[in-house]
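Asker: Features from Swiss-Prot:
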- 10, 11, 12, 13, 14, 15, 155, 159: NADP(+) binding site (BINDING)
- 159: active site, proton donor (ACT_SITE)
- 288-308: transmembrane segment (TRANSMEM)
């Protein structure tokens with residue numbers, strides 16, 4: 001493979017940081033260009049350590065700033081687009097989520113065409129495929145089955161439309177007459193050290209006498225360790241630049257997971273944290289059907305109040321469905337086309353994540369000791 005350069009959006013995020021670390025190991029890579037809305041001093045320090053391996057350029061900017069994106073794409077061979085507003089709880093205004101996820105992606109595709117960037121890889125989500133009903137079971141689904149979300153929820157909707165835009169852009173003519181090649185990686189729940197979801201879950205559990213309070217005991221999901229998710233992006237970048245592999249990858253989407261056992265969100269969090277004395281809350285939980293219809297009631301209240309008050313319900317039907325569905329996918333197509341195999345085993349991923357959770361437990365104990373003094 002000839003020398004190449006790569007722009008990673010969302011570079012300060014959970015996934016983006018891991019992708020950058022892996023890209024820095026690529027021998028032919030001349031530059032990693034990192035784009036994020038605002039890097040912390042710690043982020044900058046970590047990026048500076050990679051300078052000994054490859055050139056790392058740090059850019060701060062907004063994914064909705066078209067001029068910023070045009071500058072960021074100049075002289076780049078590959079764009080890996082991970083920047084996104086991830087929100088299934090309704091905490092972020094609907095239009096903001098759609099703007100970041102859809103309009104931002106469209107701006108970036110336009111920037112790639114103008115800057116003659118030939119490869120675009122999109123970090124998509126299994127949310128674009130559903131689940132549409134907690135009553136429908138999908139086990140080891142494949143790309144050929146064409147599952148598609150029917151929810152109007154802003155996250156699922158915006159990711160679905162952005163993925164469609166990315167795949168439709170495959171074959172577009174670049175400003176210099178070249179061709180843009182694209183693909184999308186549909187990621188499930190990503191876990192690992194520094195996962196905000198797990199960190200927040202552990203924080204609530206530690207404040208609740210070690211009880212993990214969840215509402216997803218009926219779900220069965222695919223999940224992926226963060227390093228394995230990052231590795232799939234590196235392989236996609238290699239593949240779309242390989243004349244032999246690229247024709248099979250262009251315009252395709254891939255489900256990405258690993259060998260983490262299919263289980264509920266609650267069970268996964270418990271498995272990762274049980275060494276530190278955390279345990280599931282076994283108290284009574286409402287039936288899923290009741291939660292679903294209560295979610296509908298909350299949505300109705302929110303709709304009726306909208307002219308005078310912006311009421312954000314604590315949950316809705318979409319969230320209830322997400323947390324209580326059997327919804328798993330196979331990564332065989334990624335194995336075939338990308339040569340994807342998980343870098344990190346389930347056992348190693350569990351151990352590393354558990355050790356990190358242990359550090360959170362120790363921090364919590366330290367905070368309690370300080371408060372007691």
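Cβ from N, Cα, C; glycine included.
Help me see these features in their spatial surroundings.
Answerer: Residue density at residue 15 (NADP(+) binding site): 24 other Cβ atoms are found within 10 A of its Cβ, drawing on all protein chains shown.
When Cβ atoms from all protein chains are considered, those within 10 Å of residue 159 (NADP(+) binding site) total 29, not counting its own.
Packing against the transmembrane segment (288-308) from elsewhere in the chain are residues 134, 215, 218, 314-321, 324: each is 6 or more residues past its ends and has a CB under 8 Å from a CB in it.
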Asker: For residue 10 (NADP(+) binding site), what is the tally of other C-beta atoms lying within 10 angstroms of its C-beta?
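Answerer: I count 23 other Cβ atoms within 10 Å of it.
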